[in-house]
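Student: What follows is a single structure, and I will ask about it in a moment.
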């Protein structure tokens with residue numbers, strides 16, 4: 001009775017405090033989005049952009065590379081090649097952003113090889129950079145696109161929107177389920193639930209972008225596999241966050257997969273014209289790995305897709321393993337004979353027995 005009275009006498013939360021807490025959520029989300037996106041993209045400047053200078057001899061190529069390096073500084077990461085075929089392969093494999101082939105002696109035509117499907121911003125920067133070089137050398141520049149974008153996706157943005165769709169399908173589903181149906185957040189239920197949801201949404205997103213809109217053509221099974229893996233992996237990581245943060249798990253999930261993932265993906269703007277931080281994140285976050293996987297199967301014949309899928313898979317495996325570990329620890333704490341259980345039993349045993357009411 002006394003405890004009931006004490007509980008009823010507890011002061012109600014201050015309305016001001018409640019409204020402040022409610023306002024912090026949209027405030028934090030907005031500040032994070034604007035701060036990260038603007039920091040990444042407000043001033044595109046080449047930053048360690050990998051390119052190749054190709055000459056008929058090492059001496060010719062090295063001389064031109066040294067002169068360009070002295071002028072460009074850290075904007076370009078220049079390598080020297082003497083084989084045009086090697087340089088073209090490097091461009092197609094997206095190991096370099098472009099290859100500038102010096103004109104042969106007596107010739108007035110230089111050639112620039114690039115891959116337009118690697119991103120319009122990258123193509124623009126490479127073209128402008130070597131356009132200036134050709135102008136200084138007073139030669140004509142011929143540009144050859146080794147991976148041109150198709151007419152149905154002439155800006156190359158479909159891969160970005162597919163990736164965003166896969167990401168949103170993963171974290172939004174878990175955010176809703178963990179709040180509305182927490183009984184489903186047990187690993188034995190999560191695995192088939194997340195797997196089924198990932199299959200449903202990967203098909204839905206592909207069907208919308210492909211057959212319905214016509215922005216994507218071909219490679220259906222590869223795209224469905226990439227989508228399934230990404231949605232499942234994002235869901236597993238978000239579920240882990242939800243175990244500790246509840247509905248607030250959406251904040252770190254969105255920050256990780258969207259606010260940091262999208263700028264570092266190179267989908268909207270090449271990471272080679274962004275700060276170094278986003279270039280570093282490009283190789284470790286699953287969002288860039290998903291975008292590169294989609295680009296690879298659509299426009300580059302699947303080159304390099306294995307490494308990107310490994311990155312996504314490691315995130316999913318880590319999320320699955322950590323969810324299992326947390327659940328195991330929680331189960332042991334509730335097992336009879338554990339210290340927590342013994343402490344709870346001891347607390348019950350020390351309660352004062354109720355006084356017997358004499359019966360007349």
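Glycine is treated like the rest: Cβ placed from N, Cα and C.
Copying in the features that TrEMBL gives for the protein in this structure:
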DOMAIN    25-180  domain 'ABC-2 type transporter transmembrane'
REGION    336-360  region 'Disordered'
TRANSMEM  20-41  transmembrane segment
TRANSMEM  160-181  transmembrane segment
TRANSMEM  193-214  transmembrane segment
TRANSMEM  220-242  transmembrane segment
TRANSMEM  249-273  transmembrane segment
TRANSMEM  305-326  transmembrane segment
Student: Of the listed stretches 20-41, 220-242, 249-273, which one has the most C-beta pairs under 8 A with the transmembrane segment (305-326)?
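Tutor: Looking at each of 20-41, 220-242, 249-273 in turn, the most contacts to the transmembrane segment (305-326) are made by 220-242.
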Student: Report, as numbers and ranges, which residues of the same chain sit near the transmembrane segment (249-273): CB under 8 Å and 6 or more residues beyond its ends.
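Tutor: That would be 25, 28-29, 32-33, 36-37, 40-41, 44-50, 97, 118-119, 121-122, 125, 157, 159-160, 163-164, 167-168, 170-171, 174-175, 178, 234, 237-238, 241-242, 279, 281-282, 285-288, 290-292.
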Student: Would you mind listing the long-range same-chain contacts of the transmembrane segment (220-242), meaning Cβ under 8 Å and 6+ residues beyond its ends?
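Tutor: Residues packing against the transmembrane segment (220-242) from afar: 162-163, 165-167, 169-171, 173-175, 178, 185, 190, 194-195, 197-199, 201-203, 205-206, 210, 249-250, 252-253, 256-257, 286, 290, 293-294, 297-298, 302, 305, 309, 312-313, 315-316, 318-320, 322-323, 326.
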